[in-house]
Amino acid sequence: MELDDFDPEDKEILSWDINDVKLPQNVKTTDWFQEWPDSYVKHIYSSDDRNAQRHLSSWAMRNTNNHNSRILKKSCLGVVVCSRDCSTEEGRKIYLRPAICDKARQKQQRKSCPNCNGPLKLIPCRGHGGFPVTNFWRHDGRFIFFQSKGEHDHPRPETKLEAEARRAMKKVHMASASNSLRMKGRPAAKALPAEIPSQGSLPLTWSFQEGVQLPGTYSTPLIANAPQQNSLNDCLSFPKSYDLGGSTELEDPTSTLDSMKFYERCKFSSSRIYGSEEQFQPPVPGTYGDYEDLQTWNKNVALGRNPSDDIYYPAYPLPVASWPYDYFPSQNSLEHLPQQVPSEPPAAQPGCHPLWSNPGGEPYEEKVSVDLSSYVPSLTYHPPQQDPFLLTYGSPTQQQHALPGKSNRWDFDEEMACMGLDHFNNEMLLNFCSLR
């Protein structure tokens, strides 16, 4: 059927050329997009076609210069094949997509075949009179006009999606191969039996609720400014053994000591409770009943004498400073107390270092060698918020304490093992001592 048999409108649609000044606009139907256009063909696509907007083609095409700015010109690059003409396991030939850049395409030809590691070669396109097949794209009005000149004389290369999938699979294979080679190069790791961590390898944490095991030769200065949680816990209860893997159980204070030693140790612990603010201040006359002996002791320290060389050391409880009320034992608590406390309290055995700092010297100056190999702090009690380091034992006017008599130095390791008292018993016993 010749062109003379068509209507003038149909003739215009069929006889247009991409280089015409005016292209037909009375197009009733548009063509479906063609992925592999070949030979001398022409297509009219809708301007809404996304593939036509992208000028997509499965042939390896690159943009070329054109004197007409309204027309996009693309030339075919051909196909890259294996020089050995190898095939994959599925029976397909190796037809790679050529790189668009000239340098990248030259570098691609020096690579080996991904299937047989043979050399690659480029088959150029010469389907348009010895020149590459050319595709033309032109946007005009509501349509996109496409025209191809020439016939491809080479096999179809892989599409862009196939090329991307092949590169991804190649990267995965290379990564797995390198990992396998790395694992083969390493010596086989011997499976070690599970080791139970020893006591020395475990972290040693300082806590108020659990015991801490220190070396027997540990020596540290006694810091007067104790933490607030430890202000009411001067009586410590020590376990016979300490195990990091098990629970620590405290001994019953009344099961190992009689009532006389029990009273004696509680009296010693009461003399070690003092305030953090008053430890740096000199005593005031009238506060203590034995102020003159305290002055004599302070003078000896100022003259350079070591307080540890004296025969005895006074243990003075601090005065009631800023608590708004006093602690007095109840009648019910006093009814059961005479059954445990003897009628004549024995004299406290001196020999420990006083915790009262030297007024003329630096704080925390005196040091005491303490064996803390099995110390376990007792339960903590939170004192009032005003002065957490002051504890009252009754009215200041009623306190009368006698100086301890001369005696041999008591065993520090034994006497430091004070019993852990709860808040009620500690308060009850210390108030009873002040009333007597």
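Cβ coordinates are placed from backbone N, Cα and C, and glycine is handled just like the others.
The annotation in Swiss-Prot ties Cys76, His152, His154 to Zn(2+) 1, and of the candidates under consideration, Cys86, Cys101, Cys125, the one tied to the same site is Cys125.
For His152 (Zn(2+) 1 binding site), the nearest neighbour among the binding-site residues Cys82, Cys86, Cys113, Cys116, judged by Cα separation, is Cys82. Distances between the Cα of Cys86 (Zn(2+) 2 binding site) and those of the binding-site residues Cys76, Cys125, His154 are shortest for His154.
Cα to Cα, His154 (Zn(2+) 1 binding site) and Cys116 (Zn(2+) 2 binding site) are separated by 21 Å.
Shown in sequence order, Ser83, Arg84, Asp85, Ile94, Pro114, Asn115, Asn117, Gly118 are the same-chain residues outside Cys82, Cys86, Cys113, Cys116 whose Cβ sits within 8 Å of the Cβ centre of the Zn(2+) 2 site. In this structure the alpha carbons, written CA, of Cys113 (Zn(2+) 2 binding site) and Cys125 (Zn(2+) 1 binding site) are 21 Å apart.
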